[in-house]
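Student: First, the structure itself, so that you have it in front of you.
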Amino acid sequence: MPFGNTHNKFKLNYKPQEEYPDLSKHNNHMAKVLTPDLYNKLRDKETPSGFTLDDVIQTGVDNPGHPFIMTVGCVAGDEESYTVFKDLFDPIIQDRHGGYKPTDKHKTDLNHENLKGGDDLDPNYVLSSRVRTGRSIKGYTLPPHCSRGERRAVEKLSVEALNSLTGEFKGKYYPLKSMTEQEQQQLIDDHFLFDKPVSPLLLASGMARDWPDARGIWHNDNKSFLVWVNEEDHLRVISMEKGGNMKEVFRRFCVGLQKIEEIFKKAGHPFMWNEHLGYVLTCPSNLGTGLRGGVHVKLANLSKHPKFEEILTRLRLQKRGTGGVDTAAVGAVFDISNADRLGSSEVEQVQLVVDGVKLMVEMEKKLEKGQSIDDMIPAQK
């Protein structure tokens with residue numbers, strides 16, 4: 001849990017090697033980068049709001065990692081964390097985001113008209129389509145570090161902004177603390193709401209403190225545009241619907257997101273963004289667009305094909321189970337999404353999903369007929 005700075009000063013009574021964490025069994029990006037020398041160099045630094053190196057790395061110390069999935073192992077507590085602890089974050093970002101260098105510039109493109117196609121994914125295979133991102137509000141610390149008052153202020157500001165939306169975006173806010181257990185579970189099962197904070201990554205980073213205080217979900221009247229408030233990020237903005245019309249999902253995502261951004265700007269609270277990291281978020285894995293464009297797609301034959309993993313890698317896509325990270329695929333339904341976040345734009349990332357899923361559905365249809373797909377295996381994108 002994040003402590004006051006006085007505790008960090010107290011730790012300096014001990015030598016760096018006495019405070020250096022045991023990372024011998026760890027498989028995460030932080031553990032690869034954090035040498036005793038780097039720990040020594042950064043351990044007495046803190047951001048203006050008092051976030052320290054130990055706060056940054058705690059979640060990665062407590063969660064050594066997954067044998068197959070390389071977790072990041074660190075979080076930012078405020079916008080300045082990425083600058084004050086850049087000697088740790090930069091190599092992690094480079095490692096995680098395909099060699100993205102400290103001098104590289106990120107590009108943003110939220111013009112939905114630049115997406116080609118996307119309205120023709122076969123609904124017999126593509127069951128639902130979803131695009132999400134995160135946003136952080138400038139002037140507040142991030143969920144691993146914020147105080148109760150700060151979190152409530154973020155909620156108040158967000159609800160005022162969201163409640164002023166009109167037309168297809170008119171909706172209502174539902175605070176977590178006024179929901180019954182059943183209502184909450186129903187929303188989780190329908191993939192509308194974030195899970196209760198049982199994830200060790202959330203718990204160890206301090207993001208679940210004071211749960212469910214100042215957390216909630218806002219959605220428009222037909223539940224196709226949702227905003228989570230104060231989970232892992234200040235805001236998670238989601239556009240989703242049943243079927244395969246990714247073009248429409250992306251249109252709604254871009255238009256709604258830009259409306260929200262305008263309202264926050266007018267209120268004097270723009271979103272955290274810079275030209276190197278793009279949109280600044282709590283977890284380094286989400287920097288850049290913060291975007292995950294995903295579909296639930298049925299791939300009964302392709303998923304058994306020996307080249308399934310290789311095809312995904314070549315298309316720059318990743319698969320998750322039906323219920324998201326760490327879940328199994330139910331009935332051969334996979335959650336397929338873009339692997340990249342940083343260094344390419346929103347349009348480019350969703351384009352990869354649209355084109356890649358279309359190709360995979362064509363492959364699936366060929367395999368159903370007992371035909372070979374060897375001539376369809378794509379080159380590396």
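Each Cβ is built from the backbone N, Cα and C atoms, and glycine gets one as well.
Annotations for this protein, taken from Swiss-Prot, read as follows:
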type: BINDING; residues: 128-132, HIS191, ARG236, ARG292, 320-325, ASP335; note: ATP binding site
type: DOMAIN; residues: 11-98; note: domain 'Phosphagen kinase N-terminal'
type: DOMAIN; residues: 125-367; note: domain 'Phosphagen kinase C-terminal'
type: MOD_RES; residues: SER164; note: phosphoserine
type: MOD_RES; residues: THR166; note: phosphothreonine
type: MOD_RES; residues: SER178; note: phosphoserine
type: MOD_RES; residues: THR180; note: phosphothreonine
type: MOD_RES; residues: SER199; note: phosphoserine
type: MOD_RES; residues: THR313; note: phosphothreonine
type: MOD_RES; residues: THR322; note: phosphothreonine
type: MOD_RES; residues: SER372; note: phosphoserine
Student: Taking just the CA atoms, what is the gap between SER164 (phosphoserine) and ARG132 (ATP binding site) in Å?
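Tutor: So the Cα of ARG132 (ATP binding site) lies 21 Å away from that of SER164 (phosphoserine).
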Student: Calculate the distance in Å between the alpha carbons (Cα) of ARG132 (ATP binding site) and SER199 (phosphoserine), and round it to a whole number.
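Tutor: About 20 Å separates the two Cα atoms.
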Student: What is the total of other Cβ atoms whose distance to the Cβ of ARG130 (ATP binding site) is within 10 Å?
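Tutor: ARG130 (ATP binding site): 20 neighbouring Cβ atoms within 10 Å.
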Student: Counting distance between Cα atoms, which of the modified residues SER178, THR180, THR313, SER372 is nearest ARG236 (ATP binding site)?
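Tutor: Closest by Cα distance to ARG236 (ATP binding site) among the modified residues SER178, THR180, THR313, SER372: SER178.
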Student: Would you kindly give the Cα-Cα distance separating ASP335 (ATP binding site) and SER372 (phosphoserine), rounded to the nearest Å?
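Tutor: ASP335 (ATP binding site) has its Cα 24 Å from the Cα of SER372 (phosphoserine).
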Student: What mean pLDDT score does the domain 'Phosphagen kinase N-terminal' (11-98) have in the model?
Tutor: 95
Student: What does the structure give for the C-alpha distance between THR313 (phosphothreonine) and SER199 (phosphoserine)? Integer Å is fine.
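Tutor: Cα to Cα, THR313 (phosphothreonine) and SER199 (phosphoserine) are separated by 27 Å.
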Student: Going by DSSP, is THR313 (phosphothreonine) sitting in a helix, a strand, or coil?
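Tutor: Its secondary structure by DSSP: helix.
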